[in-house]
Amino acid sequence: MVWLGAPLLLPILFLASDVGAAVDLTLLADLRLTEPQRFFLTCVSGEAGVGRGSDAWGAPLLLEKDDRIVRTPPPWQPPHLARNGSHQVTLRGFSQPSDLVGVFSCVGGAGARRTPVVYVHNSPGAHLHPDKVTHTVNKGDTAVLSARVRKEKQMDVIWKSNGSYFSTLDWHEAQDGRFLLRFPDVQPPSSGIYSATYLEASPLGSAFFRLIVRGCEAGRWGPGCTKECPGCLHGGVCHDQDGECVCPPGFTGTRCEQACREGRFGQSCQEQCPGTSGCRGLTFCLPDPYGCSCGSGWRGSQCQEACAPGHFGADCRLRCQCQNGGTCDRFSGCVCPSGWHGVHCEKSDSGDWADGGVSAPVGALG
Ligand SMILES: *[C@@H]1O[C@H](CO)[C@@H](O)[C@H](O)[C@H]1NC(C)=O
Ligand SMILES: *[C@@H]1O[C@H](CO)[C@@H](O)[C@H](O)[C@H]1NC(C)=O
């Protein structure tokens, strides 16, 4: 059997992983490590799949600071890039706090599927701090970037987009200790890196953001946005160009319907969070239009807070709505008693649909 199976199976696996699927690439940062000497970024690719560790896929993973928009003083010494096979790279050896501030990107995948993943790092000592760093919105939505005051200065605040002047807010315009930038009916060209800085303050004291505007309205994809998204579950985001769901860390499946085991991530749950505290403290950045989030079960600006009861998923953005005696697990959602299954334990194993079958998308974006 093996003799017959193996030669047939190989080309199929190659094909399956090459058909326009979103690239399996994750850029991780441990937000608890605030000292530059200890901070590091890791980029992991599940792309090698069959030949994991081999060089079969050609182009290597790249991981570097992108100083085209956020320019910081040159490092005393350049950080060090370490490779583990072809599927993992780590960037470490930063020397001063400003080395960490700004935009980092990891590029992976082969040929036409080569894709960047972007992470934006904010200084813990900045005057202004983003309430949320990465925002993914649909075309036509209202986007709001919110910079929270951490060290007050009685000065105006300058917003920049992609490093160029965008607008000014008078210091009296702070609402609830926050300076807001609103984009009603936002359009894809507004995507980019944004910053809020007090006038005359160092750019290092800025709040940095990334805005990702999907090319289509909610629930749509394709050229002309004529196609309907599959209804991505658990906070998965529908890719505007190929209609696939980019699943949050900790979820898998074509509609992100399945939770990985606790502490696991990657498109087939093949990766494991390093260390003993699971995914606590880690931010995960995935290919656009997903952006970045905490791992499943964690929330907060440093991804260190566990979800409140009844909440689960990446950034704890989802609410359990368990039926038939299911209980809420903060990593995976409803855990169903025997005899029941489905996202809300709404389906009976005996085949009788308890409430008519198809469950509504949970926290689907687009
Ligand atoms: C390198 O990757 C392998 C899995 O392929 C993993 O077991 C090992 O821990 C990694 N080494 C480091 C230093 O991360
Ligand atoms: C920022 O730069 C990106 C990439 O070059 C571009 O697609 C986007 O439209 C720019 N956004 C703004 C607001 O200038």
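Indices start at 1 and increase along the chain as displayed.
Glycine is treated like the rest: Cβ placed from N, Cα and C.
Note: TrEMBL annotation is automatic and uncurated.
Quick look at what TrEMBL lists:
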SIGNAL    1-22  signal peptide
DOMAIN    226-257  domain 'EGF-like'
DISULFID  Cys247-Cys256  disulfide bond
DOMAIN    317-346  domain 'EGF-like'
DISULFID  Cys336-Cys345  disulfide bond
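Sequence-distant neighbours of Cys336 (disulfide bond): residues of the same chain at least 6 apart with a C-beta under 8 Å from its C-beta are Cys322, Asn324, Gly325, Gly326, Gly342, Cys345. In the domain 'EGF-like' (226-257), helix, strand and coil residues by DSSP number 0 helix, 8 strand, 24 coil. For Cys345 (disulfide bond), the Cβ neighbour count at a 10 Å cut-off comes to 24, with all displayed protein chains included. Remark: of the disulfide-bonded residues Cys247, Cys256, the most isolated position is Cys256 (fewest other Cβ atoms within 10 Å of its Cβ). When pLDDT is averaged over the domain 'EGF-like' (226-257), the result is 95.
Counting residue by residue with DSSP, the domain 'EGF-like' (317-346) contains 0 helix, 10 strand, 20 coil.
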